Amino acid sequence: MFKDFYQDFQLRKVKRILKKINALKEKMESLSDQELAAKTVEFRQRLAKGETVDNLLVEAFAVVREADRRVLGMFPYDVQVMGGIVIHQGNVAEMNTGEGKTLTATMPVYLNALTGKGTMLITTNDYLAKRDAEEMGQVYRFLGLTIGVPFPDDAQKELTPKEKKRIYASDIIYTTNSNLGFDYLHDNLSSNEEGKFLRPFDYVIIDEIDDILLDSAQTPLIIAGSPRVQSNHYGIIDTLVTTLVEGEDYIFKEEKDEIWLTTKGAKAAESFLGIDHFYKEEHAVFARHLVYAIRAHKLYTRDKDYIVRGDEMVLVDKGTGRLMEMTKLQGGLHQAIEAKEHVKLSPETRAMASITYQSLFKMFNKVSGMTGTGKVAEKELLETYNMSVVCIPTNRPKKRIDYPDNLYVTLPEKVYASLEYIKKYHAKGNPLLVFVGSVEMSQLYSSLLLREGIAHNVLNANNAAREAQIISESGQMGAVTVATSMAGRGTDIKLGKGVAELGGLIVIGTERMESQRIDLQIRGRSGRQGDPGMSKFLYP
């Protein structure tokens, strides 16, 4: 009851500001391009004389709105303006998929960038950061602001500190949470001014804020130093573990993270390694490696938790389905998995510096964000970051139908039931987006669809480079796309010609994800901006 009252109260306040912005529409339309762009200089002069960004909000939002129309051909809807106001106020705007969060952000980004202190917009991956910066950068440059993206054009190269300093000096910076985190650590480790490139953090807008500030809050970003002397025991112990039987030779209690050898297992290890007593202090290195090797075999599954690419092992983020190229497991566990897969062992390193996302973003003077699934995380956001979540109304009524879940006893039953759903809607011409929980499952569904003669695309960590192309095709008539959760956030699927008449995009979830928010994001791929659609979850 109180939450509903607070929500209504917040929206009433926002609508009063919206009314004032709308009143300036005709005035802004009457300005020439030069006059509209000159508003930026005027605003900065007013700030220098003592006005605040709050004083400028109404007029600045009206200016950006008109610039969006002229440059992009898109005039932000009232609900997008409302979202922008909420974001500027340091809160979280919950906006449904397809409601235009990227365009919404142009208004608070512009307003706060007028201070010259640097405004950052954080996205969850490089592709989105580059895409949004390229498209929205046209508006900012039209209005006389500078924009930077701290990624090299060539992925094989690295930016120099001098290049990064120039980029981070921009009025507006589009980047990712991980890139900013590692840049902060590198900057902090530099012992001379030539190696430093960051200025003090001021204001940041985080897209998919619940994912970054909650799901990944305690994920440590670590910069490793000089390599340790590499152990040669990883391969030997991995071979030993493959000969041991769980329950007979060793006990593994996953819930308590406890591993120990039985008497039989200890004797087997002693015989295999040619030592007299496995638990002697001088053999402690074997016990340590054994624990890592068992964890590698029992807790980490290929094509689910990691992939093998050539002669290297790369971890997969369970929440996003994306590769964690710069992340290594600590303490020897990473090397144990590499030994299990018989790929080249990466050097063991010492951590020189680390930081969590929670600590990183608490350095900013003001933090706000947007997401499609903020309300279910409101309590955590309020308690941890003192940010309220305001649900922004949709521009058009939602037409998507969310059907009840189907529960199956076994995995094969679930797989074949979901295959029948795919065949049914594919025969009608509907595009289908089929979500799976791992690379391994995406390969299984792909093989089954091939057997049925159904052409399809697969989007997973192995082919992330084709993400933009696959997403652009996934709303077309007859398209079938099998995807991991990497397609669950930040993707806006537009319906092809004639698809709306068929009932829109069909989303089929084949298993529950790690959090309710990811499930909601998956459903939200369908039914954008009042489009028809359907979602259905089937799981064992």
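The backbone N, Cα and C atoms fix where each Cβ goes, glycine too.
Annotation source TrEMBL lists ATP binding site at Q80, G98, E99, G100, K101, T102, D492. In three-state terms derived from DSSP, D492 (ATP binding site) belongs to neither a helical nor a strand segment and is classed as coil.
The domain 'SecA family profile' feature in TrEMBL is assigned to 1-540.
Residues or ranges marked as domain 'Helicase ATP-binding' in TrEMBL: 82-247.
Per TrEMBL, the feature domain 'Helicase C-terminal' maps to 414-540.
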Worksheet, complete the sentence: Neighbour count check, CB within 10 A, over binding-site residues Q80, T102; minimum at T102
Worksheet item: Per DSSP, what is the residue tally for the domain 'Helicase C-terminal' (414-540) in helix, strand and coil?
Response: 59 helix, 24 strand, 44 coil
Discussion item. Taking 10 A as the limit, how many CB atoms besides its own sit near the CB of K101 (ATP binding site)?
Written reply: 26
Worksheet item: So around the ATP site, Q80, G98, E99, G100, K101, T102, D492 aside, which residues have their CB within 8 A of the centroid of those CB atoms?
Response: M95, T97, L103, T104, Q529
Fill in: Per-residue pLDDT averaged over the domain 'SecA family profile' (1-540), given as an integer
91
